Amino acid sequence: MNTTRDPLPAGDGRDEAAEQARILQEPQGAETAPADGLAPSHAAAPKPAPEPASEPITVPRVSPHPYATERAVEQAKKEARLGARRETLLYLDGVNKTFDGFKAINNLSLVVQRGEMRAIIGPNGAGKTTMMDIITGKTRPDSGDVFFAGDVDLTKHDEASIASMGIGRKFQKPTVFEGLTVEKNLRLSLAGSRSVFEALLHKRSGEENDRVEEILHTTRMVDKRHRLAADLSHGQKQWLEIGMLLAQDPELLLVDEPVAGMTDAETEETARLLREIAEKHSVVVVEHDMHFVRALGVKVTCLHEGTVLSEGTLDHVSSDPRVIEVYLGR
Amino acid sequence: MIIRYLGARVWILVAALVAAAILVPLANLALPANHPLHVPSYLVPLIGKYVCYAMLALALDLVWGHLGILSLGHGAFFALGGYAMGMYLMRQIGARGVYGNPELPDFMVFLNWQELPWYWYGFDQFWFAALMVMVVPGLLGFVFGYFAFRSRVTGVYLSIITQAMTYALLLAFFRNDMGFGGNNGLTDFKDILGYPIQADTTRAALFAASCIALALAVLCVGAIIRSKLGDLMIAVRDAESRTRFIGWRPEYVKLFAFTLSAVMAGIAGALYVPQVGIINPGEFAPVNSIEIVVWAAVGGRGTLLGPVIGALLVNYGKSVFTGLAPEYWLFVLGGLFVVVTIFLPRGIVGTIDHGWDALKARRRAKNREKGESEGTGNDPNLAASPAE
Ligand SMILES: Nc1ncnc2c1ncn2[C@@H]1O[C@H](COP(=O)(O)OP(=O)(O)OP(=O)(O)O)[C@@H](O)[C@H]1O
Ligand SMILES: [Mg+2]
């Protein structure tokens, strides 16, 4: 890639070091400025949905060495992207993941704002769960950007540190700690120190007890607090897992099929609970149940074959002929 | 408060061990030989040996029963602790060996070695040997665990590499040029801390020390499993990857427990060696490590009391049986494991606990029915932890 205005012949590297030093000294603005046409500047009104660069970014100064220029362009691009990301909590761009030759995630781009609740729909195998695996560090993408809270590159962190940054997850198949009571499941999930020695010497605080009490009430588990999680019904495990998410109190909640196996009444309740949670958190919900998605009343993204097929209000998405063809119309 | 915190079971076990530490030596030393309660001298080190095994089983159960790490290499930690103690005991022999060399143990003189290898330095001091009893197994456990758990090796693969570890050590310790007595190991000990090792009083003291060490280990394990860390260990056992998604690092939990367990096993080995009078590479044999698993399984894994009872029972059975038909012991052991796995998967203590809980639950349900018809509320606190 060579986007210099006036490239010098390759191999002329005499002034390379000096030039790089000059680039480093240059105020940042000088390099981001030309990129403003591609993405809003920080001061501009929040306008999300970063477009992938369609036209080459140009750098104002000419570098005597193509590689130095290339780096400067790279840097400018990154800055431009970050400008768009500043207002977003979760930012996926051009993400790809292949399993044994099968493209599970295909050039996926998705942006979730701070405080937003987003519903994800899509047929089986669309890559919804794989997307969550990528965000939470369980699966590494082959390529693409995954950023959290502006500039935290999630592909460089493991599950535990991503969880500590404030991304919580409920699994498609409810996974709770079966050998522990409901209450202890919640206590282990409570935000706080994750050190082994702290856990050994841990003393329950009043604040902690209050929080557990509150969550037990919210998830209607008060009378089941001393039950082993293994003895709960499927629906109850789903709620316990949501309770564990609440205890963790993450900034972003990823909730995979929370109402699978629930009765209509329970589904209603869960929708109510999630709406309540969404008042204070950003939430991404994956769900097949259209009634449930309608009850949430939020922006919907439809995935298909690992890529975004349609995005918008539920009415908009569900009237999209492509969505009808691959998903709703079946 | 601490009494309630640890639960009655731990304290009953500790009390029983303290009582044994006092009463058995007393019954051996103070009672005349014809007294019905007299404990004959040959029994003291024999039971003392079982107590060391019980501590070893408890150490294994800390990682297996509570954390789900099936280690088939705990015999190695036990043997390393034993060797550290054996080296101290060898140095205590001094010039009383067959060759009368005050510096070198007999086997080194026999091999024509001129001077003590560097790694034997310091072992003439008890405090140093006592430290090494914990440091060497602990360090091996830590380094092994660090690499295994960080690479997320779990399940049967982990079990296999623990077997490989103990087997590698077996081969290494068999070599004469390792400087640990090769095939014959370390033996012919004379005294410990200046007391003759064969004397009844010394053996009684060693017995008491083993019981107290086991009691301390029980308190230690009891405190861990009652803490939040104990809950975390169960969580890692049941759904390891899930703990990562709430921010825990299961590899650190495992590393902590595995290292502690290795140290406990090392201490058990160090108490074992002066009571049996020998340590040789045979202690590293893979089958020894498998036996430990059988003890814990028979007693009931993850029940604290279970591994202790299992180790005592199985080893008593082994002593009786090897008196009758020693060549069949391995078949009996294998058979025992199969029978327990199929018919008594929770082990002895686990099965009793389970039956007891079921009984309590039924009674509670009945009470609740009665209570509801009378209009009194049901008390959720009644369902508190089963171990109490
Ligand atoms: N670890 C893996 N190894 C191989 N293939 C995988 C792996 N994980 C997911 N896949 C494949 O990737 C595709 C997407 O799976 P994913 O679970 O993300 O779908 P989904 O949208 O969550 O579907 P569902 O609605 O059924 O939950 C599937 O075809 C699946 O078989
Ligand atoms: Mg899925």
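The backbone N, Cα and C atoms fix where each Cβ goes, and this holds for glycine too.
Those TrEMBL annotations? Automatic predictions, nothing curated.
TrEMBL lists transmembrane segment for one of the ranges B:4-22, B:42-60, namely B:42-60.
Residues 17, 20, 24-25, 28, 71, 74, 77-78, 200, 203-204, 206-207, 210-211, 213-214, 217-218, 221, 261-262, 264-265, 267-269, 271-272, 275-276, 292-293, 295-296, 299, 304, 307-308, 310-312, 315-316, 319 of the same chain, all 6+ positions outside the transmembrane segment (B:42-60), place their C-beta atoms under 8 angstroms from a C-beta of that stretch. Contact between the transmembrane segment (B:252-272) and the transmembrane segment (B:67-90) is present: at least three CB pairs lie under 8 Å, with pairs separated by 6 or more positions in sequence. Within the chain, the transmembrane segment (B:67-90) has long-range Cβ neighbours (under 8 A, six or more residues past its boundaries) at 56, 59-60, 105, 120, 123-126, 128-129, 132-134, 136-137, 140-141, 154-156, 158-160, 162-166, 169, 173, 180, 185-186, 189-190, 192, 197, 233, 236-238, 240, 253-254, 257-258, 261-263, 265-274, 278-279, 281, 283-286, 288-293. Of the candidate ranges B:126-149, B:156-174, B:292-316, B:292-316 contributes the most Cβ pairs within a distance under 8 Å of the transmembrane segment (B:204-225).
If you look at the transmembrane segment (B:126-149), the same-chain residues 6 or more away from its ends with a CB under 8 A from one of its CBs are 76-78, 80-81, 84-85, 87-88, 158, 161-162, 165, 193, 250-251, 254-255, 258-263, 265-267, 269-270.
Non-local neighbours of the transmembrane segment (B:292-316) in the same chain are 9-10, 13, 49-51, 53-54, 56-58, 60-61, 64-66, 70, 72, 74-75, 214, 218, 221-222, 225, 333, 336-337, 340-341, 344, 346-351, 353; each lies 6+ residues outside the stretch with a CB under 8 Å from one of its CB atoms.
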